[in-house]
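Visitor: Submitted below is the structure of interest, expressed as structure tokens.
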Amino acid sequence: MDMDKCEDELQERFRGCMLGAVLGDCLGGPLEFKNGNNSFPFSRLKREFRLYDAWEPERDGVLEFTDDTAMARQLAYSLLETRTHLDPRNLARRFVDEYHREQGRGYGEAVTEVFEKLHKSDCRDPYGPAKEQFKTEGSFGNGAAMRVHPVAMFCHGRSRTELLEMADASARITHSHQLGVRGAQLQAYAVSMALDGVDSKAFLANMLELVESFSEDPKSKHTYRYKFEIMRKALATKNDDLAIALGNGVAALHSVPSAIFSFLRAQSPIEQLRDSSRFVRTVQLAISFGGDTDTIGSMAGAMAGAYYGEVDVPENFLDVCEGVYDAIKQADGLVKLVRENLDSDVSEPIVKRIKIEVQEIEVKPDINPELLKPEPEDIKPDVIKSELKPSASKSKEDVVEPDSALDNDTTDSAIDIKHNIVK
Ligand SMILES: [Mg+2]
């Protein structure tokens, strides 16, 4: 398929961003947890990528995208439809419909539970089902961060406050734990700076400044600060082997920093990846982390594509991966939309406020048939009344004790990620 040439730098960057995310997802997909939780040597990545040089779609098919791209596309479509703001209910419905159309994209079990609940309630409260998960603590998986780049594109030219607000709202539909929401905000800010072409030194300083601003959320502040400190030292010493220190898992705190590190580190040459372009070596470094390779690859790809532009993306990948032409069309739509919005004087909230209509619920308690019998003389009427009334208080079993796994030490080792994950 022939594509129109880009008219200017912004379109270049927007296309690069959408493309980079899809390619990182598709190229990382085949290696997801293929080496357990271990990283891959660069030689394995080079071998894998060599296959793509001689790729013939008729013979070899395409590498399919996964849930990362499936959800990011719906976020982009939602913004292209609502045009001036994010409508959380529209987005939730799109996620649900997308999931029901193609359930085999690698969604995690917990997120499908959110989709089912949203579906049953027709997304009346788009944030409700996610809030109920994991004893009401919510998920801190990386599923909100992996799809957030269209938010950064939509918010291009706007304030950081608006960017963070929209990233927060887009995240909470499936991930309401602060570590998951903050992960999405950090990724959104990273992509936004990449679109602006911010150099690596200022980029890292700005990220750290954002982390320090999480003052009302000390858990996220300490956790992500710890990661950025590791990153800063590794960048100074050109240490590339950070899978253990930064993580490669499905928690946002174990993958967003790894993607950001890959983007920053690959701006300088890497000896063992010297044959690769800047964009490709970013994706290769990200996938070399192992573990959740499609998501780390996709998040790093979104940043690298935004920073280097479409021009740095090798053309042969366009035939290898599914969904690239839709990504280009969406990027072109978003760049046009962003320009229109920046030119217009209309100012309205960037996230639509959700009014949840309280429906009249007819309460039908189970009535003890004994009480319906003719009243014996010794039972007073108000006793019957109180027994018929549904109980307002929760039973003991319903009372959820807060999980204290994250309460004390917020360093990596103290965090139990067996639960609280929605991919
Ligand atoms: Mg995936």
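Each position is counted from 1, following the chain as shown.
Cβ coordinates are placed from backbone N, Cα and C, and glycine is handled just like the others.
Sharing the feature lines straight out of TrEMBL:
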BINDING   Thr66, Asp67, Asp68, Asp292, Asp294, Thr295  Mg(2+) binding site
COMPBIAS  369-399  compositional bias 'Basic and acidic residues'
COMPBIAS  400-410  compositional bias 'Acidic residues'
REGION    369-423  region 'Disordered'
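In terms of burial and nearby residues, how do these features look in this structure?
Guide: DSSP assigns Thr295 (Mg(2+) binding site) to a helix.
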Visitor: Quick test of your reading of the structure: among the binding-site residues Thr66, Asp67, Asp68, Asp292, Asp294, whose CB sits under 6 A from ligand 1?
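Guide: Cβ under 6 Å from ligand 1: Thr66, Asp67, Asp68, Asp294.
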Visitor: Of Thr66, Thr295, which of the binding-site residues has the most Cβ neighbours inside 10 Å?
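Guide: Counting every other Cβ within 10 Å of each candidate, the maximum falls on Thr295.
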Visitor: Would you count the other C-beta atoms found within 10 angstroms of the C-beta of Asp294 (Mg(2+) binding site) for me?
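Guide: Its Cβ has 27 other Cβ atoms within 10 Å.
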